[in-house]
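**Student:** One structure, pasted below without further comment.
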Amino acid sequence: MAPAHSRTGKPQKPFRQNNRSLKRKRNEDDLSSLTQRVGELDPKSLAESFSELPLSDATLQGLSASHFKTLTDIQSRAVPHAIKGRDILGAAKTGSGKTLAFLVPVLENLYRKQWTEYDGLGALILSPTRELAIQIFEVLRKIGRYHTFSAGLVIGGKSLQEEQERLGRMNILVCTPGRMLQHMDQTAAFDTAHIQMLVLDEADRIMDMGFQSTVDAIVEHLPKERQTMLFSATQTKKVSDLARLSLRDPEYISVHEAASSATPASLQQHYVVTPLPEKLDTLWSFIRNTLKSKILVFFSSSKQVRFVYEAFRHMQPGIPLLHLHGRQKQSARIDITSKFSRAKYSCLFSTDVAARGLDFPAVDWVIQLDCPEDADTYIHRVGRTARYERDGRAVLFLDPSEEEGMLKRLEQKKIPIERINIKAKKQQSIMNQLQNMCFKDPALKYLGQKAFTSYVKSVHIQKDKDVFNVKSLPLEEFASSLGLPGAPRIKFIKGEDTKSRKNAPRHLAVVPSSDEDSDEEGLTKKKKENEVRTKYDRMFERRNQDVLTEHYTKLIRDEDEIDPDEKDNPAADADEDDGFLSVKRRFDAGDENLGEGLGSEAEIDGIKKGKAVQIDGKEPLIIDSKRREKLLKSKKKLLKYKGKGTKLVYDDEGNAHEIYEMEDEQQFKAQGDADAQRAKYLELEAERTRLADIRDKEIAKQKKREKKEKRRARARAEREAEDGPVAVLAPYEEDEGLREDDFSAEDRGSEDGRAPPSKKQKKWFQSDSDVDGEDGGKKRKRPRAQSPAQVETLEDLEALAAELLE
């Protein structure tokens, strides 16, 4: 029993320690025991669940709440090495759980070091794409919800100023390389001197030529004493790449290195050999036959994605369509990825933006309409399906020229793929529908031109020429399959043969064709003139009026616009490829008939340019269109075609001279020496200035004198107006008669013939209307009060008093 209190007599309560101190002590004990368990951990031992690993309670609670319990192969082998602080090179198949393999060690290592917001940035996670960075950040939020770390997402497309305000308080950052480097260079409060961990997801993509300079600049800002982890489905082993990141004895963990296939076993892989002009027909037929599926289609360029999306959207295949590419705004990209993730049945057209790392749930089909650049890109593309041991199917479309080379590349990477054929009965052609849509929508027609150009360019820039050969592709037929009348001009293809054309003998380029060839060309011309022109031919010869007209005209070049000589002349092609200087005509050296048969210049202009109208100008106005004909009705627009007018002055004798006449050298010398003329000129100008000064002074004196006279006259008029007689009103009496005393002496003086002025005289600055208006508008003045000398009766006194009171 507790002893009683000495003063109150009540039993004393037992002494309780502060709850905070107890909690702090308990946390310290847990941390020390966790550190001891990590030190005793054998990295080679393979655990099956997260609870078997030495992890903190906060991490275990976050994993359990996110329904992560069992470990995958890459997680069971990489996490023990990572939480012990070793550098890691991790490689595993797509969909094997690589994200948790580096997020769990990041949380654990910072937790054991008791990292707080006052310690600054502790871990940096780099991702090649924005969508993958968002996905990593969402997983980090789920499993780290019970930790006290502050985590941030830094990607392009968001407000830089808002990120700068919060960046200094972050402990973990998930970012893309470009935006991260921008903050390192521009954000003053951002400090990376204490970073403990650097993680590169999809490391082979980040370390390639596209991000090489950016990653090198980021690594220069980081301390060398740090832990570095690289994860990817196709890992790099280049010594140069590892040296750039300063890795120290990294642990290379490849889970499926000894596997028979580099792709998941549950993935069914097929390829279809289809000619390039039939690819869109095959894709349309495939979508129409698999409406109850979730499909992801990969293209090589964003222009192709936009064109196919707009075209198929108008034709309504019966399944929701989405499109994703790198030129969209970030908000639209996030919205599209979330829509496709939630959808049960949908078709997404995408570039390689969605090829790496993104986890779209339950994707049934991955279609690669364009051949991937290498086997690694193929692995990442097909990795969007068959994730986490689920079933999936992938189809690769190959042109006959790409089949042999691509199959060899896939075989080297241990990728099993089988060929399938398409049933001709189920294939449907959409070329006529595309032509009809291009006829109705000029914007879609222009987009088709850009899609064609971007595809050919993507094939042209590939390094593997055994697979990608532009010259072996049927470009004319491919353009027709897009609904276009012909293949647009591809300048970089013509430039390939510039060197061979330059080295060719000169006479081969300038010698005209034989008589037989010219006869054949003449027959071809006649056939084209007599050819029936359809509505579609006229439509495609039309010029756009609303969609980038000049740029579109450069892309398109019809056969009728090309000179026949230019077709057979390779030198002309080379000159046109230069685009700066173009050869108008070519002649053989020493041609005697060089100037014959040309006729006069006016004659040529009449043949080529049409009707000429002579206006006041030197050159005639050529009327070669209705717009020029309408221009004749506007005087304002015709001014620029008229000559400039000249102004003439006439002397006393009536001879015309121009305003400015220049003397020639002889006339100037006839007047004397230059110094003498200059002295004479100065003397004349000085005399002229003196006379002008005297004249100006006289004018100033005259104005001053007139002003003084006006002021005196005004003062005189005011004084006369004030000295005039004043009328005095007589008091009211009962009798109506008037007495003689009622008139003042001044009034009686009017009998002498002088009448007082009836109204106030106007001033010098007033007009008659001003005086009348003033008299009518103002209140009439009261009569002047009577003087005491004029008060004679009691009534006069009362009237005077009343006036004074008022």
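The first residue you see is number 1, and the count goes up from there.
Cβ coordinates are placed from backbone N, Cα and C, and glycine is handled just like the others.
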**Student:** Would you mind telling me which of 48-76, 222-250, 483-511, 570-598 Swiss-Prot tags as motif 'Q motif'?
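**Tutor:** That would be 48-76, the stretch labelled motif 'Q motif' in Swiss-Prot.
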**Student:** Between the candidate ranges 555-584, 615-644, where does Swiss-Prot place the region 'Disordered' annotation?
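**Tutor:** It is 555-584 that Swiss-Prot describes as region 'Disordered'.
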**Student:** Choose the correct range: of 21-24, 201-204, 645-648, 653-656, which one does Swiss-Prot annotate as motif 'DEAD box'? Give that range.
**Tutor:** 201-204
**Student:** Where DSSP helix means H, G or I and strand means E or B, what are the helix, strand and coil counts for the compositional bias 'Basic and acidic residues' (692-701)?
**Tutor:** 10 helix, 0 strand, 0 coil
**Student:** Would you report the average pLDDT that the model assigns to the domain 'Helicase ATP-binding' (79-253)?
**Tutor:** 90
**Student:** Of the residues in the motif 'Q motif' (48-76), how many are helix, strand and coil by DSSP?
**Tutor:** 16 helix, 2 strand, 11 coil
